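Working notes for the structure below.
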Amino acid sequence: MPKSRIMLDVLKGEAHFPPPLWMMRQAGRYLPEYRETRRRAGSFLDLCYDPDLAVEVTLQPIERFGFDASILFSDILVVPHALGRDVRFEEGRGPLLTPISVAEIMALESDVFHVNLEPVYETVRRLRAKLPDETTLIGFCGAPWTVATYMIAGHGTPDQAPARLFAYREPAAFQHLLKVLADHSAAYLIRQIEAGADVVQIFDSWSGVLDDASFDQFCVWPVAEIVRQVQAVHPDVPIIGFPKGAGARYRTYRQKTGVTGLGIDWTVPLAAAKDLQRSGAVQGNLDPLRLVAGGKALSDGVEAILKALGDGPLIFNLGHGITPETPIAHVEAMVKQVRSAAR
């Protein structure tokens, strides 16, 4: 059975051992070939919007490590950028946006949204043509809450206090922003699927900073709306949700959003992850710093996950993205350990 079918079967709730394997941010700065392509591209957004270069960097980790899945190289902030918002990336500072006002939120719309994102769709089409048949292609978007935090503050913050405060002070405007982002993100994922994505993932990197009521309003509801809209058009395409930092609310998130697979961060106890497997596939959850450290810290972490979760529906991954300082040899060691694992 081709490995692409194995990953899709895992997302249907089946167990396979060894599990399929890929890494968040697997096309990134830890790879010298990525750094060279990034240098040639100019700006980060130029790299995202150039299909030739975006395909090149997406394929680099597949060619080097043979991962079971390839994730489109892009960024969650192309959605606000395609909606006409100013987005730029500065070395050492990350993403910078012009903070959005209440009036701008209420007028937020673009009749050229898909035109602006056509280079991304072209990248997906080319990837599906170039990838090995056994490699699953993953499309993605950012969750409305996480994208909104950057649009409100204009940059990342430690606890996203600007967005939380804005949401409390301007609830109607904030809910409108989440609805606009949910609708456009769903349309974006649908186009990625139609271009060739086998699976899509929704990244909610800042879900862990919210209280219970806000988590339900700002994280769960918008993602549930995306899932509803995507499944109305493509009911058989799996959707992975990754609400990083959700803690005890992972179960509620899965139940209320309807996601197919659940990405879990490294803080989730393996006993809790095992319990989550009872309702479907989980993806994760190696601490990225174990991969940086290597040696026994790495092998013990991999072994613990495989032992606890390997007999259920598991997609082996990190609990967040790989960091730039990660040695390539450590990635090779992780891949070898997962692939050679025996029950």
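Yeah, the Cβs are placed from backbone N, Cα and C, and that goes for glycine too.
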Further substrate ligand in Swiss-Prot, beside ARG25, GLN26, ALA27, GLY28, ARG29, PHE44, TYR150, SER205, HIS320, within candidate set ASP75, ASP86, ASP111: ASP75
Cβ-Cβ neighbours of ARG29 (substrate binding site) (radius 10 Å): 14
Cβ neighbours of ARG25 (substrate binding site) where a neighbour is any other Cβ within 10 Å: 18
Largest separation between Cα atoms (Å) of residues that the record links to substrate, namely ARG25, GLN26, ALA27, GLY28, ARG29, PHE44, ASP75, TYR150, SER205, HIS320: 23
Residue among binding-site residues ALA27, ASP75, SER205 with least C-beta crowding, 10 angstrom cut-off: ASP75
